[in-house]
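To start, I am sharing the structure in question, which I have written as structure tokens.
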Amino acid sequence: MGIKGLNAIISEHVPSAIRKSDIKSFFGRKVAIDASMSLYQFLIAVRQQDGGQLTNEAGETTSHLMGMFYRTLRMIDNGIKPCYVFDGKPPDLKSHELTKRSSRRVETEKKLAEATTELEKMKQERRLVKVSKEHNEEAQKLLGLMGIPYIIAPTEAEAQCAELAKKGKVYAAASEDMDTLCYRTPFLLRHLTFSEAKKEPIHEIDTELVLRGLDLTIEQFVDLCIMLGCDYCESIRGVGPVTALKLIKTHGSIEKIVEFIESGESNNTKWKIPEDWPYKQARMLFLDPEVIDGNEINLKWSPPKEKELIEYLCDDKKFSEERVKSGISRLKKGLKSGIQGRLDGFFQVVPKTKEQLAAAAKRAQENKKLNKNKNKVTKGRR
């Protein structure tokens, strides 16, 4: 699910922390990718012309394999070395969220049964998409044959991706879930595995710039995210994103906010603190997640196992042999050529000061107003 409203807060208060770039900008980078999130995207987006999932002659779903194979090739073509991280066992605190998701599935199944148009059926079918154990195992087999490293995290994939980035094994964590920032990955890449046809730029979010720009410690930032709404527990009812940020900046922690509300000083009867609220446990899952120490992980990209890959994709899954062989050639070329060094690897990056961040944010707001005024003038001339 991620963190509700976090992207909007960062976009408004620290726009300079989000850099929008073409995939070519990440040439020479190693990236840890949230595999479970990617597989979900592929199952949703990689479809036949009639809107149904891709299947082979035996009726087995192949959308996830098609997406994994070709999106990985696209990264390799652009000089990126991807590694994938799969979810392990979900934390116990996530059981409430998983129960809610199961309830929503039951409701969606009812709506699907009642749907009268093909468009409505397709809409409900996509809401029922779920990454299964079999999908994960098939994707892991594919990656192994491609020579692309993957890791099965003890619990949350995003936490393990962040750990790899923090220990310098990769440049960034890639996921659509904004909660990846709570694990303090140096950089979060969003939209990396999107289809090229979408023409959506990759959003690179700098965690340190976010913290500096919001003037929050990582502990306060995590508390803000819990207040906004995360997968681990409920948030205070009646408190929206704007108020949540204001409360954290004023009081500094959830403990102080709870005291403020319970004392009656807030004069707001609409704010309701959840009963037995496990925010402290949620906080620790973000600040001290269960991960494999990044220093103990050795990521290795190997030549693809050409014969086995053709057997798996073409013989078993009925992919086009011509296209698969072409893909293997691209893969061999990309992995063999290695990764050239980047110029910025020779220089120390100096963090921006609060004054520089404020100036950048001011410039961004001024440019926004200027563009609005230009649009008004253009419309007036018409």
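Even glycines carry a Cβ here, placed using N, Cα and C.
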Given 276-284, 312-320, 339-347, which one carries Swiss-Prot's region 'Interaction with PCNA' label?
339-347
Can you tell which of Asp215, Asp223, Asp231 Swiss-Prot lists as binding Mg(2+) 2 with Asp177, Asp179?
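Among the candidates, Swiss-Prot records only Asp231 at this Mg(2+) 2 site.
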Swiss-Prot has Asp34, Glu156, Glu158 binding Mg(2+) 1. Which one of Asp87, Asp92, Asp288 is in the same site?
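Of the residues offered, the record points to Asp87.
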When DSSP is mapped onto helix/strand/coil, what comes out for Asp179 (Mg(2+) 2 binding site)?
helix
Looking only at Cβ atoms, how many others are within 10 Å of the one on Gly229 (DNA binding site)?
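20, counting other Cβ atoms within 10 Å of Gly229 (DNA binding site).
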For Glu156 (Mg(2+) 1 binding site), just give me the three-state DSSP call.
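Assignment for Glu156 (Mg(2+) 1 binding site) reads coil.
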Relative to the Cα of Asp34 (Mg(2+) 1 binding site), which of the binding-site residues Arg71, Asp177, Gly229, Asp231 has the closest Cα?
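Smallest Cα separation from Asp34 (Mg(2+) 1 binding site) among Arg71, Asp177, Gly229, Asp231: Asp177.
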Among Asp34, Glu158, Asp179, Asp231, the binding-site residues in question, whose Cβ has the most other Cβ atoms within 10 Å in this structure?
Glu158
